[in-house]
Amino acid sequence: MKRKREIKTWSREIVVGAIKNSFIKLNPLYMYKNPVMFVVEVGTFITLLATIFPTYFGSTPDEVGYNALVTFILFVTVLFANFAESLAEGRGKAQAETLRKTKKETMAKLVQSDGSIKIVKSSELKKGDIVICEAGDIIPADGEIIEGLAAIDESAITGESAPVIKEAGGDFSSVTGGTKVISDRIKIRVTVDEGESFLDRMIKLVEGAKRQKSPNEIALTTVLVSLTIIFIVVVMTLYPMAKFVHVRISAATMIALLVCLIPTTIGGLLSAIGIAGMDRVTRFNVIAMSGKAVEAAGDIDTILLDKTGTITFGNRLAADFIPVGGHSKEEVTYYALISSLKDLTPEGRSIVDLARKMGAKAPDDILEGAEVVEFSAETRMSGLNLKDGTIVRKGSYDKVKEYIGEKGGSIPDDLDKEVEKISLLGGTPLVVVKDNEVLGVIYLKDTIKPGMKERFKQLRAMGIKTIMITGDNPLTAKTIAEEAGVDEFIAESKPEDKINVIKREQAQGRLVAMTGDGTNDAPALAQADVGLAMNSGTMAAKEAANMVDLDSDPTKIIEVVGIGKQLLMTRGALTTFSIANDVAKYFAILPAIISETLPAIKVLDVMKLSSPTNAILSALIYNAIIIPILIPIAMRGVKYRPMSANALLMRNLLIYGLGGLIAPFVGIKLIDMIISSIFGM
C-alpha cells in the first residue's frame, strides 16, 4: 500500500514557525552557508549604511529615500529565501514531532544472568541485553527475536493498523522499539544503545537538523558561487567605465544591479528543494538515510526486482482445472474441491473458491469421519481419506507419479503435456488423484500485480532497465518476465547472484537500485547505489540499505526512483529558470540605466521603462517576489512524466528556459507601470 503521511505545508503552525525562523536565519554565521544570499545580505547592510550615512557613500540627500527602498527590498529578498528553507524544514520538524510523541519511556522485563526477571526502564537497556515481551507489552528497544513468535502492532511507526507476524530465526525477526506485542510471548536481544534506535534515527533524519548537502547540491552551489563572483567583477568594472563616460552610478544602484544579476532565485530555493525532496520520500513512508540516496534514485539506470511480492502477489492462486485421461472437467473440479476442504493455505482456499464459483458443491457430511492428510515436505501431497474408503489427493507432479506407481495405477498419456503447458505459462501444476487414478491438473498461477506492465513500460521510456530475480525454473521465469514486461530475468537465483548482477551493471557504468529484507540481502543492499530495505526485514538488511520502507512494500522502489528524478528535474528546471531570468534582467535594466547618458544605447532599451530609478526598483521587486511565487514548485516538485532524458531536457528548456526569459520582461514592465501610476515616478 502506497500511503502518504499527510502534513499540510501551509498549516498555521508551520507558516508561523517559518516566519520566525526567517528572522533567526539572518544571523551571518548561518547565512554564509548560502553564499549567494550571503552576498545579498552584505549588500543590504551596505545600502543600510548608505541610507544612514549618505555622505560617506557619495549619495545626495535626495537619494536617501531611494537607498532606503533598495535596502528594504533587499532585506525582504533575504527573508523570502530564508522563509522558503524554513517552510521546508517546518514540514520535517512537524513529522519529527509526530514521531517523537510515539517514543515513550516504557518498563522492560530484563532477563538477568541467573535467568530471573528484573523490571527496568527502557532507557537503561544496553546493546546485548535480553528482554521478555508478552501480549500487551510495548517493545522497549530495537532488537532481534531470539525465541518465540508474536503478532506485532507497528502502527506507531508505519501508520498501518494490521498486525504483522514476527518470529525468531527468519528474515522477519527484527522488532522496533515503541511497537506493541498483540499476542504470544517473545524473547528479544537488544541491538542498539539508548538514543541510537531506528525511531531516534528517523526523528533526526526527518527533522533535518544537520542535513548534509548532497554532491549534486554542492556542485550546483559551486557553479552559483562562480557566477556570483563573475557578476561581482562585472559590476565592479562597471563603476570605472561609467565614470569614464561621465555616468554617475550610486553605491545603492551598483548593489541593486549586482543582486539582480546574480542567481538569487535558485540560490534562495536550493536548500528548500533538497529538503522538500527528502520530505516527499518520507510522505511515502520511506526513510532516506541521506539526500544523496534520494538523488542517486533519480540517476538510476537499472532496477533489480524480486519476482515474489514485487512483480507478483506471491500467493499462487487457482486459475483453472484441467481434466486428463478422459475425465470430465466437472469431476476434476469436484475432487479438487474435496482435496482442499481442510487446506487452510492461500492456495487451498483459492482452489475451494474457484471450484465453488464453477458450480462444484461438496455434500454437507463429507468431512464426517474423514481423515485429514496434511501437506509435508516429504510427501508434497495433501488431501482427505473419506469414511467410505475413497482416497483423494492433490500434489506435485513428481510425487504423484511415485504415489500412483506404488498404488499400481497408471499415468494418463496427456498428463505430461498438460503439466508442461502449465509450467511454460509460468504456473504451478498440482495433480488431482482419486484412489489410484489421475483425474486432472489444478493450474496455480502466481498472479502479476495490476499495472506492473505499464509501470515497466514507463521505466523503459525513462531509459531504466528492469531485471527480475526469481528462484523459479527458466521456463517459468521466462513466461512471467514476458507477461510482466521486464527487460531481463535471472532464474534459479541464489543469494550471491544479486550482488554479482549489481557489480556487473555497475562495471558498465550504470547505477543500480534494489529491494531486500533478509540478512542474505544485506551485502547486495550495501553494494547497490540505492538499497531499499523492508521495515519487516532483518536489522542487518536495514543497516546495510540507504532507505527503509516502513510499509514493507517492495514495489515502492519504482516510486522512489520517480521522486529522485523529480528532485533532480525540479532543481534543474528552477536553475534554468533562474539563469534565464538573470540574462533577461541584464538586458531589461542595464540599457535603462545608461541610455539617458549614452543615447546610442537606447536601441537596446526594449522595455521603455519610465525612468532609471523605476527600472532598478522594478527589477529588485520582481527579483524578490519571484522567490515566494516559486516556493510551491520547489516544495511540490515540477510535474514529472516518464520520458527519455533528451525529451525531458527539451521540455524543461522550452518551459523553464523560455519562461525564464519572458517572465522578467513581463513582470518588470508591469511593476514599472504600477509604480508609475501610484507614485508618479
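Cβ atoms are placed via backbone N, Cα and C, with glycine included.
According to Swiss-Prot, the transmembrane segment annotation covers 37-57 (among others), on the basis of sequence analysis.
Taken from Swiss-Prot, the feature transmembrane segment applies to 64-84 (among others). With a threshold of 8 Å between CB atoms, the same-chain residues lying at least 6 positions outside the transmembrane segment (64-84) that come near it are 18-19, 21-23, 25-26, 31, 34, 37, 40-41, 43-44, 47-48, 50-51, 54, 250, 252-253, 255-256, 259, 264, 267-269, 271-272, 613, 616-617, 620-621, 623-625, 627-628, 631, 634.
Non-local neighbours of the transmembrane segment (218-238) in the same chain are 35-36, 39, 249, 254, 257-258, 261-263, 266-267, 270, 571, 575, 579, 582; each lies 6+ residues outside the stretch with a CB under 8 Å from one of its CB atoms. What Swiss-Prot lists as transmembrane segment is 218-238 (among others).
Residues or ranges marked as transmembrane segment by Swiss-Prot: 255-275 (among others). For the transmembrane segment (255-275), the list of distant contacts is 34-37, 39-40, 43, 46-47, 70, 74, 77, 80-81, 84-85, 87-89, 91-92, 208, 211, 213-214, 217, 220-221, 224, 227-228, 231-232, 234-235, 238, 249, 291, 567, 570-571, 574-575, 577-579, 581-582, 585-586, 589-590, 593, 616, 619-620, 623, 626-627, 630-631, 634-635: same-chain residues at least six beyond its ends, Cβ to Cβ under 8 Å.
Counting every protein chain shown, the number of other Cβ atoms lying within 10 Å of the Cβ of ASP306 (active site, 4-aspartylphosphate intermediate) is 21. Among the features that Swiss-Prot reports, active site, 4-aspartylphosphate intermediate is placed at ASP306.
The secondary structure of MET381 (ATP binding site), as reduced to three states from DSSP, is extended strand. Sequence-distant contacts (6 or more apart, same chain, Cβ under 8 Å) of MET381 (ATP binding site) comprise VAL373, PHE375, ARG393, LYS394, GLY395, SER396, LYS399, VAL400, TYR403. The ATP binding site feature in Swiss-Prot is assigned to ASP343, GLU347, PHE375, SER376, ALA377, GLU378, THR379, ARG380, MET381, SER382, LYS394; the stated evidence is sequence analysis.
The Mg(2+) binding site annotation in Swiss-Prot covers ASP517, ASP521 and rests on sequence analysis. DSSP classifies ASP517 (Mg(2+) binding site) as coil under the three-state reduction.
Annotated transmembrane segment per Swiss-Prot: 573-595 (among others), in sequence order.
Swiss-Prot lists 615-635 (among others) with the feature transmembrane segment, giving sequence analysis as the kind of evidence.
Taken from Swiss-Prot, the feature transmembrane segment covers 655-675 (among others), and the record attributes it to sequence analysis.
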Based on DSSP, name the secondary structure state of ASP343 (ATP binding site): helix, strand or coil. coil
Stretch among 37-57, 615-635, 655-675 sharing the most Cβ pairs under 8 Å with the transmembrane segment (573-595): 655-675
Please name which of the recorded positions listed here, ASP306, ASP343, THR379, is nearest in space to ASP517 (Mg(2+) binding site), Cα against Cα. ASP306
Identify, in sequence order, the residues in the chain of ASP343 (ATP binding site) that are 6 or more apart from it along the sequence and have a CB within less than 8 Å of its CB; answer 'none' if there are none. ARG349, ILE351, VAL352, PHE375, SER382
Can you tell me the CA-to-CA distance separating ASP306 (active site, 4-aspartylphosphate intermediate) and ASP521 (Mg(2+) binding site), as a whole number of Å? 11
Rounded to a whole number, how many Å is the Cα of ASP521 (Mg(2+) binding site) away from the Cα of THR379 (ATP binding site)? 31
Does THR379 (ATP binding site) have same-chain partners at least 6 apart in sequence with Cβ under 8 Å from its own Cβ, and which are they? VAL373, GLY395, LYS399
Three-state secondary structure, which DSSP defines for PHE375 (ATP binding site): coil
